[in-house]
Amino acid sequence: MTDVPVTFSQVECNGDTPPENGQQKITKITEGASDVDGTPPHCRVEPRLDVPTERNQEKSEKLQEDILLSSSMDEKILKEKPEEKLYVVHKALTDLSLQEAAVDKMALREGHQWEKIPLSSSNQEISRQKERISEQPLEEREDEELENTALQATEIEWLGFQKSSQVDLSHSKQDEEQEVWDEEINNDDDDDCKDDEDEVRVIEFKKKNEEDTQLKEEGDASEDSPLSSPSSQPVTPDEQPTFGKKGDFSRNAYSRYNTISYRKIRKGNTKQRIDEFESMIN
């Protein structure tokens, strides 16, 4: 048996292909030059463990270079065109997420676990806060919960006080508006009553003037009657007509109506009262 080191560019041994760049030590086993069976030579390949790790390192270095290039390009774009900031940020996030997914797939294929690239500082802060909360003892957590509940209770009380004050203000405004409305209605009623009273006074004054003129005409006619008929007997003072009494009666009726019915005149029945007054005088 002789061991001979041989280098192959592309050699298939037991169905496996060695890498293009790497050189492996191959031991060729021959049992003898004068072998009768003529069996082909058996190859044994010694695998190298450094090859997959070198590939993974190269891929990770390429990813880091791509990230640095994309970040530098984004900074240049932001300096040149600040209005495209949102678009660039969104694009950078999508690129990072795609690269992260590619790294995960590579790790699954190669059987190695790679560290994930953090997307932003906010995620790191959130994770740190969660770690701090988990590290805090239970007593501190309970104290913080009690403080939060107390703050919520004070906020609820303050909001309730504000609502009650607003309700009180609305009620007071409604009461004031109702009082003003009632005063306006009362003033309107008083004005209507005054107008009705003025109308009744005018009508009564006209009626009084008509009665006075009628009395004067009747007195003049009575004075002219004995002169026109000399044969007629003179009228004694006992038989004189009681025009004064009639006038007094009408005046008394007017004063009585003025004291009793005049005060009862209200809006809506003025015409009826005037008709009653005219019927009573006539």
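Glycine too: its Cβ is placed from the backbone N, Cα and C atoms.
In Swiss-Prot this protein carries:
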- 43-65: compositional bias 'Basic and acidic residues' (COMPBIAS)
- 176-199: compositional bias 'Acidic residues' (COMPBIAS)
- 200-219: compositional bias 'Basic and acidic residues' (COMPBIAS)
- 224-237: compositional bias 'Low complexity' (COMPBIAS)
- SER72: phosphoserine (MOD_RES)
- SER225: phosphoserine (MOD_RES)
- SER229: phosphoserine (MOD_RES)
- SER232: phosphoserine (MOD_RES)
- THR236: phosphothreonine (MOD_RES)
- 1-67: region 'Disordered' (REGION)
- 112-151: region 'Disordered' (REGION)
- 164-250: region 'Disordered' (REGION)
- 264-282: region 'Binds actin' (REGION)
DSSP helix/strand/coil residue counts for the compositional bias 'Basic and acidic residues' (200-219): 20 helix, 0 strand, 0 coil
Neighbour tally for SER72 (phosphoserine), based on other Cβ positions within 10 Å of its Cβ: 10
Mean of the pLDDT scores, which run from 0 to 100, over the region 'Binds actin' (264-282): 67
